[in-house]
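Peer 1: Structure incoming, see below.
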Amino acid sequence: MASTFSTEMTADERVPFPLFRPLSQKRANTWIISLFVILHFGAFTVTMIVNDCWENSHGDCALKPLRRFSFQPLSENPLLGPSASTLEEIGALQKTLLTNNQQLWRIFTSPWLHAGLFHLIINLSSVIFVGLHLEQEFGSFRIGVIYILSAITGSLVASLFVQDRPSVCSSGALVGLLGTLLSGLIRNWKSYTNKFSGLVATMTILMTNLVLGLIPYINNFANIGGFMSGFLLGFVLLFKPQQEKLARNKGGLFEFDAKDIVKCRKSLDKPVQRVAALVIFAFLLAGIIMAVLHGIDINKYCSWCHYFDCIPSKWWSCTDKPFHCEKLVNSEHLTLSCPNTGRFRVFPFANISEARFQDICNLICS
C-alpha cells in the first residue's frame, strides 16, 4: 500500500530559496538574464553615441577624456548620463510624445533605457544578483516571461502618470523579480530557513531602487507596476523549484536539504492560488492597457502623486513643463536668458540645435 505523504516539512526537507545560493557553473542556466544585461548595456551605449556630449554640448561635459562618450554635467543629469533631449530621441516616455503624438512604441523602448551610469550600475548589479539565482532555480523560460511582462506592465503604469519630463522604466523589470521573490517567500513561508534574512535582503534592494526613482529621469511608477506584475506572476509561475534530487548543502544563507521531491512538490503545488493570481493579473493588465489607450492621465485626479516620482532638491529640478528663453546670437557667442528668473548664460559658441537649446533653457530657468 502506498504511503501517505504529509504536507509538513521537516528540518531536513527544505525548499530552496534562490537568493544567496551558490550559483552553478553551467552557463546555459543563466542565458536569459545574461542576454537582458547585454541588451541593456547595448542600449546605453547607443544612447551615449546619440548623445555625443563632446559635439552637441561643445565640450561642456563630465569626464571629458571620454570624448563622444562623455556625460552631461551633474547639474544637468545627476545620474551621470545623457541629456533630456537625447532620452526623448532614443525612446523615453514623455507625455506630449506619448499622448498627443500617439507614439505608443515608447512603452516598449523605455524599459531598456537607463538615465545614467549610476542608474545602470545599480540596476544591472541588482538584476545580475537576483536574476541569476532565480533563473538557475526556476528556469530561463519562466524568469524570462516574468522579466518581460514586469517591464511592460511597469511601462504601462508609468504611462498613466507620465509628464513632459522624459523618464525611463528599466527598473520595472528588476522590481518585478523582487516581487517574485516576495511572493515565493510568502507562499512557502513555512518551508524556508532564515526567512527573515531573505525578507530583509529583498526589501533592501527594493527600497534602494525606489529611493533612486525619486531622482529625475527614472520613473518610479514603473517600479510599482513592475512589482505588482512580478508579485502576481510569482504565484502563477514559480509553483515549484526546478530541481531533481537536491544534495545536502549548508553553505549558504538559504540552504536546504530535500529528501523527498514528491512531498516537496505536493506542498508547493497550489493550483487554486495560481489560477486566482493569474485572473487578477489578467484583469489588472487589461484595465491598465484600456486606460493607456484612452489616454487617461491620473495626475489630473492626484495632485500629489508626482512627488512619488521626483522630489525637488538643490541638486536637481523636478520641473515638468518646458520654459521659454530669449536667445541672442552673434558670430562667436550665444546668450540665453530666462525671463522668469532673470538668469542668463553666455556660451563661447553660436551654433546649437533646437533640442539642445531647450535643454539649456530648462536648466537655466529651473
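Here the Cβ of each residue, glycine as well, is placed from N, Cα and C on the backbone.
Okay, these came from TrEMBL:
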TRANSMEM  31-50  transmembrane segment
DOMAIN    102-238  domain 'Peptidase S54 rhomboid'
TRANSMEM  112-132  transmembrane segment
TRANSMEM  144-162  transmembrane segment
TRANSMEM  168-186  transmembrane segment
TRANSMEM  198-215  transmembrane segment
TRANSMEM  221-239  transmembrane segment
TRANSMEM  275-296  transmembrane segment
Peer 1: Would the transmembrane segment (112-132) and the transmembrane segment (198-215) count as touching if the test is at least 3 Cβ pairs under 8 Å, pairs 6 or more apart?
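Peer 2: Between the transmembrane segment (198-215) and the transmembrane segment (112-132), which are separate recorded stretches, there is contact, as judged by 3 or more close Cβ pairs.
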Peer 1: Which bits of the chain, at least 6 residues beyond where the transmembrane segment (31-50) starts or stops, bring a Cβ under 8 A of a Cβ in it?
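Peer 2: Cβ under 8 Å, 6 or more out: 68-69, 71, 81-82, 86-87, 89-90, 112-114, 120, 123-124, 127-128, 131-132, 135, 140-141, 143-144, 147, 170, 173.
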Peer 1: What counts of helix, strand and coil residues does DSSP assign across the domain 'Peptidase S54 rhomboid' (102-238)?
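Peer 2: Across the domain 'Peptidase S54 rhomboid' (102-238), the residues distribute as 106 helix, 3 strand, 28 coil.
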